[in-house]
Amino acid sequence: MRILVLGIDGHLGWPLALRLAKRGHEVIGIDNLSTRRFSEEVGSDSAFPLPQPQERVSEAKKHLGVDITFYVGDITNYGFFKDIVQRYKPDAIVHFAEQRSAPYSMIDMDHAVYTVINNEVSTLRVIQAVLEVDPTIHILKMGTMGEYGTPAFDIPESIYVEAIVNGKKDKIIVPRKAGSVYHWTKVHDTDFLLHFQELYGLTVTDIMQGPVYGTRTEEIVEETLRTRFDFDEVWGTVVNRYCVEAILGLPLTVYGKGGQTRGFISLEDSIQALTLLLENPPKQGEYRVANQFAEIYSVKKIAEFVKKAGEELGLNVEIGSYENPRVEAEEHYYNPERKVLPSLGFYPKKRLPEDVKIMIKDLLPYKTRLERFKHVILPKTKWRKPQYVKRVR
């Protein structure tokens, strides 16, 4: 297949490109390199130094024998984007080209506005290009389990669900309750894709993925092939953050009660799942939802795994308790359905309790580099801004 990967420079985009190219697919990628800039904006960087785009392509050719085409540009620039879609006429478009950090979207109103404009315009441009070039192109969009929030019902793996409202039964979109501006943009992505899919019969896979952890995939065989690894309070996911904190001797930053529970998936298993979804597309005109996770844990339980792994490697690891900067349930029910990926042959290769030890081992050689960013790990970005809170007497 010919596959266009939007956001190829990112944590998932790069290893997915390597996997697809290694499997014989023609891979074209686009990235505006915004995550590199935004990470620097908050005083951070990737734990692993990242080569420049053309060097990444050269290293992939050198070590894996694959050819990847990498364009630096912004897909919200529609003339630029449509030209590439028209030139290559891909079988599938992987849409990772969005601002992906919940805390970044909550820094202030300007960051919220940027996140909404960038994420929604990019999705609408993908839809427009597919409609104008070839409506049969499979759109694979990265969503998030965070679209649903933490409902008291089992989260279905479908776009619609039957419900009774005021005594009347009807089919409704599965209820969403996002917890940040970023997560709301993912909800609106779903709304836009569903709207145009129902108008024009587009073929869509909407992936509801949980937090990703890990440093390795089968194709990351050299340091120069590594994908970016974020660990700060704005860009780093919880497992990544804990592993770096363990190395730097910082108490693990458990927010609030620590009962926040999510579905997690390793980097290797995420790439495996994405590849399966691309190589086994839905029927033409179908809107397919895939809940993409492998294990369900609370953030406090993950801290215990990291503490154990760190101590086995000779580190002194303490679990801290921090005021939660977010507005979220800290103890809740959580039970999402997962049938689509197993039906395609997905079987997780990694388990979080064991993989965190590998992560720490991979990060230890970069301890001196990580020390430079020690000041950006503790939580500072608060969801509720004091200047906007009205005092109720």
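Here the Cβ of each residue, glycine as well, is placed from N, Cα and C on the backbone.
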Using only what Swiss-Prot says about substrate binding by ARG100, THR144, GLN209, VAL238, VAL239, ASN240, ARG241, THR253, VAL254, TYR255, ARG326, VAL327, GLU328, identify which of TYR71, TYR182, TYR287 is listed for that site too.
TYR182
Three-state secondary structure, which DSSP defines for ASP31 (NAD(+) binding site):
strand
Taking LEU33, ILE75, VAL238, VAL327 as the binding-site residues to compare, which has the smallest set of other Cβ atoms within 10 Å?
VAL327
Integer Å value for the Cα distance linking ASN240 (substrate binding site) with THR35 (NAD(+) binding site) is 16
Please identify which of ASN118, ASN240, THR253 has the densest Cβ environment, defined as other Cβ atoms within 10 Å, among these binding-site residues.
ASN240
